[in-house]
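K.L.:
Got a structure for you, written out below as structure tokens; questions coming shortly.
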């Protein structure tokens with residue numbers, strides 16, 4: 001009789017521990033998602049803001065420092081599997097905050113080649129952090145779908161929308177700090193050329209060239225104390241993100257497709273995704289998110305806002321961009337269920353083209369100051385589609401290969417950033433605008449081709 005009771009007890013334990021039978025709350029992945037998004041809202045603000053300040057605060061080497069940051073991202077192909085295995089998602093995110101604090105600190109007393117080396121190493125940690133974020137959000141979305149019996153497609157769109165809605169507020173917090181610190185307009189003394197409104201149209205906007213003299217514009221450097229205040233605030237934000245991640249965020253376990261064991265195996269998986277699963281065709285579509293962020297943060301802010309109004313308006317312009325990003329993320333994360341990704345991509349591309357044509361042909365001036373804030377807002381609406389839907393699309397297609405898939409996404413974006421930052425000092429803005437138009441067109445064509453191949457040839461893909 002006791003033996004029978006023991007057997008019955010063991011059977012009941014087995015039943016209780018069967019996969020899918022334990023009670024799991026849907027609020028657990030939701031709460032972790034909100035924590036992750038809030039951490040990134042604060043933690044990512046410094047680097048987000050440095051995009052539009054590097055070229056002005058540090059004109060001799062700012063863009064090259066950014067280029068070294070993105071060059072460093074490619075080192076993750078060699079050490080990424082090791083970092084993933086040893087640190088996991090949570091550890092990788094914490095590493096990113098430490099590296100970012102060191103990157104900011106290197107700007108206090110700049111030694112050019114030391115800064116480049118620090119930027120290179122920061123780039124490696126940064127891409128590992130961003131890949132971990134994509135993995136983490138996908139992991140939480142799939143967990144939520146399993147608990148609620150929702151479709152993975154809908155859960156991924158919802159979770160990516162919620163994450164980016166909060167995360168993209170990083171464009172507000174960091175730029176609000178810089179705008180408040182830089183609120184005092186720079187005074188022009190007898191040794192500087194006072195801007196002439198009649199000449200600004202020939203020096204700024206689509207006619208702006210990085211290699212030309214900007215002394216007749218409103219582009220000026222603030223005093224060193226002001227720069228130190230901004231940098232100190234950014235280090236504080238990085239420290240807060242590190243502590244919050246350590247205290248509140250849980251680790252995300254890797255799936256079998258993610259838990260690679262060697263660089264060779266990881267490389268084989270990368271090649272397999274690019275070639276056999278046709279992810280190569282997705283790269284131009286991934287570029288759309290990259291070019292959207294790059295153009296508004298580096299080209300538009302310097303050629304239009306700083307040149308015509310002054311650096312103290314940069315932050316407010318990017319805050320409008322962030323507002324469009326946040327509003328768009330709130331809407332398209334839900335809207336995709338009803339209209340589909342394809343329609344949203346088409347609307348985003350049309351919005352981008354409208355903004356680009358306005359930059360080319362609209363007569364901007366201080367009398368039409370709303371132009372400098374409305375264009376970033378609508379650009380942000382389009383950017384939210386590229387940010388949310390391309391990431392959700394990758395998560396949906398490769399749920400068991402998240403690490404290599406999101407690494408391909410981030411690395412391809414950073415490769416394009418390297419190219420753009422390398423050429424930005426040698427071409428004028430009108431040429432850059434036409435380049436962006438070409439990338440958008442190519443991205444839509446390749447995305448359509450990938451979707452057709454995926455729909456009609458799914459059963460023929462080789463399993464990796």
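Any Cβ shown, glycine's included, is placed from N, Cα and C.
Reproduced below are the annotations present in TrEMBL:
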type: TRANSMEM; residues: 33-51; note: transmembrane segment
type: TRANSMEM; residues: 63-84; note: transmembrane segment
type: TRANSMEM; residues: 91-109; note: transmembrane segment
type: TRANSMEM; residues: 115-137; note: transmembrane segment
type: TRANSMEM; residues: 158-183; note: transmembrane segment
type: TRANSMEM; residues: 225-249; note: transmembrane segment
type: TRANSMEM; residues: 279-296; note: transmembrane segment
type: TRANSMEM; residues: 316-336; note: transmembrane segment
type: TRANSMEM; residues: 343-365; note: transmembrane segment
type: TRANSMEM; residues: 371-395; note: transmembrane segment
type: TRANSMEM; residues: 433-453; note: transmembrane segment
K.L.:
Which one of these stretches, 63-84, 91-109, 115-137, has the most C-beta pairs shorter than 8 Å to the transmembrane segment (371-395)?
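P.N.:
Comparing 63-84, 91-109, 115-137 against the transmembrane segment (371-395), the winner is 115-137.
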K.L.:
Applying the under-8 angstroms CB criterion, which one of 115-137, 225-249, 279-296, 343-365, 433-453 scores highest with the transmembrane segment (33-51)?
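P.N.:
Per the Cβ under 8 Å count, 225-249.
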K.L.:
Could you give the residue numbers and ranges of same-chain residues that sit at least 6 residues beyond the transmembrane segment (91-109) on either side and whose C-beta is under 8 angstroms from one of its C-beta atoms?
P.N.:
39, 43, 46-47, 50, 57-58, 69, 83-84, 115, 118-119, 121-122, 124-126, 128-133, 136, 227-228, 231, 234-235, 238-239, 241-242, 245-246, 249, 251
K.L.:
Between 158-183, 225-249, 433-453, who has the most Cβ pairs under 8 Å to the transmembrane segment (343-365)?
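P.N.:
Comparing 158-183, 225-249, 433-453 against the transmembrane segment (343-365), the winner is 433-453.
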K.L.:
Output the single range from 63-84, 225-249, 279-296, 433-453 maximising the number of Cβ pairs under 8 Å to the transmembrane segment (158-183).
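P.N.:
Checked against 63-84, 225-249, 279-296, 433-453; highest Cβ contact count belongs to 225-249.
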K.L.:
Do any residues of this chain, six or more beyond the ends of the transmembrane segment (433-453), have a C-beta under 8 angstroms from a C-beta of it, and if so which?
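P.N.:
Residues 206, 278, 281-288, 291, 295, 342, 345-346, 349, 352-353, 356, 359-360 contact the transmembrane segment (433-453) from elsewhere in the chain.
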